[in-house]
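According to TrEMBL, the active site, proton donor/acceptor annotation covers A:TYR490. The FAD binding site annotation in TrEMBL covers A:171-177, A:253-256, A:305-311. The substrate binding site annotation in TrEMBL covers A:ARG427. Taken from TrEMBL, the feature domain 'FAD-binding PCMH-type' covers A:139-321.
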Amino acid sequence: CGSTSNTDAGGLFMWMSLIGHSLRQEIMKWNGWGYVDSKFQFNKKGQAEFTGKRYRLSGMVMPALKEWFESTFGASLQHKTPASAIPNSSAVQPPILNEAFVEDLKSTGIPFSQDAEDRVFRAHGHCLHEIFALREGKVGRVPDMVVWPSNHNDVVKIVELACKHNVCLIPYGGGTSVSSALECPPEETRTIVSVDTSQMNRILWIDEKNLTAHVEAGIVGQELERLLNESGYCTGHEPDSMEFSSLGGWVATRASGMKKNIYGNIEDLVVHIRMVTPQGVIEKSCQGPRMSTGPDIHHFILGSEGTLGVVTEVTMKIRPMPEYQKYGSVVFPNFEQGVACLRELTLITNVFAGHALKPQKFYITKFKGFDPNRLCVATLLFEGDRERVLQHEKQVYDIAAKFGGLAAGEDNGQRGYMLTFVIAYLRDLGMDYYVIGESFETSVPWDRVLDICRNVKERIIRECKERGVQFPPLSTCRVTQTYDAGACVYFYFAFNYRGLSDPVHVYEQVEHAARDEILANGGSLSHHHGVGKLRKEWMRETVSRVGMGMLKSVKDYVDPGNIFGNRNLL
Amino acid sequence: MASEAVYSHRDPMLKKRDDFEDILEERRNCSDLRYALKCYTPVVYKGLTPCKAGVLKNMVLQSDQLHYVINQVSKETGKAPEDVQEEASAILEEMAHRMQLSTVRFFAFTLCKVFKTLFRSICVNEEGIQRLQQAIQEHPVVLLPSHRSYMDFLLMSYILFTYDLALPVIAAGMDFMGMKIVGEMLRMSGAFFIRRSFGGDKLYWAVFSEYVKTILKNGLAPVEFFLEGTRSRTAKSLTPKLGLLNIVMDPFLKGEVFDINVVPVSISYERILEETLYARELLGVPKPKESTSGLFKARRVLSEDYGSIHVYFGQPVSVRSLAEGRVNRCQFNLTPRHIPKRPSDDVHSFVNAAAYRLVRAQEENMVLKPWVLLASLLLQNHHQDLDQDRAAGPERGMGLDELTEEALWLRDVCRQYGAFLHWPDHVPPSEVVSSSLDLHRGLVRISEGRVRLAVEHAAGPSGPGVHPGAGPEEQLLNQAVVVLSCASYRNQALHVFLRPALLASAMHIATSSNKQEVFNSFSFLRNMFSNEFILCPGATMQDFEEACFLLVKTGVLQITEQEVLSTHRGHRTLAFLTRMMDPFLQGYQVICMFLCEEASEALTEKTFIPAVRGFMVKQLLSGRLRYTEVLSSDLQKNALAALLRLGAVLKTKGADQTTLKVNRVMVNSLEDTLGGKLPTQKAAVARL
């Protein structure tokens, strides 16, 4: 039984082991999400379709999407905002080159490039303002060079040279950041070198006795899963971005996956981390499953967001692939009931991966007796041996029934999972028609979930109105992760920007206000997206002045010359 | 100082206000019964899940908040949690409203009849009603009417019923429950009852606050209460009480609702039903306990004309925008929200500032009738007569023409200060004056074309209790009843003149025209009188600037870098303004004098009022004191509160009573400063 969730959802089968360093650029968009061949578009009949062959949705026509799109945003297919073409090299600032560094680098034989396209591709993540600027052909400060280390030792050499010649390094994994973490600080006058870890993508060994695998940190999620599957194992770490994001990136941002209830978050999954810093290599001396040796040094690395060094190798826990997998879904009369049920389920069992989401009307079918404007669907995934899966499934549905939930079938569940992968593509469609949007997340205690959802959504609507947004925005949310003490909540926010002279600025002001509202309602600054530069201003109040001092002193010791100068976090 | 600024300082002339509609007019033309039985379908809060009264009680009793406190009380007292739960349930039973539309309809029908007999018109700003309707749909609403009469909350519900708006749930004092049938009927029309004092009773507080919050959070009904806590017997706004305001703001601060709309409502009566009742109460004739039979005895009031009522629904104030930048809501992140906590300093000062702002919003939209100006002028004239010993001669009082001329002058000043004055400009001034005098004929005497206060016949037609013609002390009290009644009308306009009047008095007591010195005196007076008038804490500078602005604008003062100078033509205004403050200044001085000269070591909080009253009566009878107004227990209480606040008098709690310890040196120096005998030096101000 070799089927896993991502065979259905991801574009795994098309992913080839990357030999040439520029191959990734060829199959991926430079100014939008995902693969070049996969996107939503309106065909000649005005019907929405999803192109390509990679996803289950590929090639499908979705007649309801147009109506949803037009009625939700007041958008019209007549009003297009096409993206501009890829900027030619003259539009990109010529690189600032530290010749001595380049000379020394050449002598190591590590491949590097000063090509404009390579540099632009690695100058951004996927924040709205970053993509919007690219679509308008605007390019700011970009890395001056890109290097492709192929193993740990290459990274050691690069970091040594960077220290010697005082150049700035910015680690680059999958490029899926949504915290402005990859943006080059405009004030940086040194040479900025993007350290692209994509060539460090091998599983170095699998230890079946201890159920661990030692993996190079540049490996991308779906590739890691595929290679482990070949040996009958999996990690169970499946963030929404797993098609593109890298192991090193997960470690550097404290990532979380949708199956974390079964397998744990990244901090639970790592056994050993190796990171190259300007002071040298940091790692533990053994692979003991837990240690009492003072503060866990892994926690200086986890969430360091590229400010301390490059994560090169990670030992991860692995598990035999589940014998049996079953999707499921429950429809609740309203969001309140759905949340209450998830809370109950979390207390009783942690055998499912689930999330309650407010439906996007274009894919949810109608349910009898439920108000379509209020109903909410939880999608579920059960894994394990067949008998226990079925037993858990029954248990879950019994509990759900107490909260007015009805089992809504495997199909809806599977579609829910699929949607998490294609949802990012939807934004690009919107951007073709004056609609911009973004999602952002937080974590919050259970007793605050409903309050925070209501208040943040309302705040978004109100802020949009005050800033002259002509049409009511889409402002919705879902619960994506559950813990004993709380949940992770995602907010989705998008609006039609016709009539606004500076839509991105408006967007940023609204998001800023929404974040203030989140914090005022007891939500965290971030559950797993990280801080980057986007949310830096709230760090002090988030971790206290002393906490900031602690983090700063670590940075000062590890990287006194600010070689890892992306200026994230602090 | 600046951080406390709640208002922007701007020209009050520019205030824009809505027009009024008379809601009685339609009632006079069509069936009251049909009106009372009309289809009533108010718009409701958009997030409302309707629930019955029983469900509401369960929600309260099963709330985490209450559970927490029940367990706490059970641990502290050793009672079984079930017993405490029973107690809570009983408290709730005693408290909760049982709104019934049929009772509301009954009231609507009855009140129609009553209102039409008593009042010429009930005028409501319909734009305000529309704003309120909008507000009710968007967020939970709190209604904050001013409180001048028992009539207030019936009137509010009546108006809301008339306009098809959601009926409020009203916090009422427990004393109403004494009136058996009426109490229950009020309950069925939406009143809920709270004990007057429950200081340390945790359980009571928890039930009460959870009850109010549950109604508010779920948007079940607008919550209505009186910020001033009780009816103002003097028609001055009272220092706001913060308890309930704290409770209703809590759901916003804790993120349980997105926002709350607070709507100040100003109810102004041309003639107050309780007019002489209040005056007698202030003079120490104790307030009759509310009883149903007492209410019926008051039936004779039905035969009189009480003019018109103006009800102004102010701009809804968003608690969210009030709190913006003033309260860090993250402070509630670290403890579960259901555990009761004392408000932090910033929350306390925020709620306090908001309360003052809301009371001022009530004041600003109070409609003033011409009589208010006449009462002010007649009172001042009365005292001038006393001064010049012509109290009994033919020259006493004011000629009708003179009164009219002065009233017109005052009307213009008033308007320049931004007052909400309803002076009918299309009617000849002499008619305006005579009809006002006619409506208040119990308080004035007109003979031979001269008008004066009706002080010798006293007590007005509707005022039993004080018998005329007895000994000098009783005569004095009889006069005081009329003077205090009149003063209550003057007080309606006090907020308009307050800041310029404080400045005028400050110039009077300051030793020079030096700006800093005048400011020091202003600041001293403002501080002294901050229990007497609505003066926002920490807004001394704004108040001073506002006063300067108004007096300079109207040509009364010239203000240079160093000096504050009165102009020649400003004399009349300054004289009027100082005379307005004089009774208060003198009242506080006499109280200081009493404390220095007469107060015994055994003076207690309870004996303070009678003792000071006795002292004042002596002073008045001997002619050393001219303002009978100072006999008002309101003024006496406020003065004591001020002296306690300033530390000039200290409370020491004994076994069964609280004694007052007087710092004679300080009280003496306060007295001298009030009298202009001592300069208000910087040091003195700093010390206060």
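Glycine is treated like the rest: Cβ placed from N, Cα and C.
A TrEMBL annotation is a machine prediction, not a hand-curated record.
A:TYR490 (active site, proton donor/acceptor) is 24 Å away from A:GLY306 (FAD binding site) when you measure Cα to Cα.
Same-chain residues at least 6 positions away in sequence with a Cβ under 8 Å from that of A:GLY309 (FAD binding site) are, in sequence order, A:VAL159, A:PRO171, A:MET275, A:VAL276, A:THR277, A:PRO278, A:ILE282, A:ILE301, A:VAL558, A:ASP559, A:PHE564. Confidence across the domain 'FAD-binding PCMH-type' (A:139-321), taken as the mean pLDDT and rounded to a whole number, stands at 96. Taking all protein chains in view, 28 other C-beta atoms sit within 10 angstroms of the C-beta of A:GLY306 (FAD binding site). Each residue contributes its Cα atom, and for A:SER177 (FAD binding site) and A:ARG427 (substrate binding site) those atoms are 15 Å apart. Between the C-alpha atoms of A:ALA255 (FAD binding site) and A:TYR490 (active site, proton donor/acceptor), the distance comes to 15 Å.
Residues near the residue listed as 'substrate binding site' in space but far in sequence (CB under 8 A, at least 6 apart, same chain), listed by position: A:GLY32, A:TRP33, A:LEU128, A:ILE131, A:ILE436, A:GLY437, A:GLU438, A:ALA494. For the recorded site, the residue listed as 'substrate binding site', the DSSP three-state label reads helix. Around A:GLY174 (FAD binding site), a 10 Å sphere centred on its CB holds 24 further CB atoms from the protein chains shown. A straight line from the CA of A:GLY174 (FAD binding site) to the CA of A:TYR490 (active site, proton donor/acceptor) spans 21 Å. When secondary structure is read from DSSP and collapsed to three states, the residue listed as 'active site, proton donor/acceptor' falls in the strand class. In the three-state DSSP scheme, A:ALA255 (FAD binding site) falls into the coil class.
Under the DSSP three-state reduction, A:GLY306 (FAD binding site) is assigned to coil, being neither helix nor strand. Residues near the residue listed as 'active site, proton donor/acceptor' in space but far in sequence (CB under 8 A, at least 6 apart, same chain), listed by position: A:SER439, A:PHE440, A:GLU441, A:CYS477, A:ARG478, A:VAL479, A:THR480.
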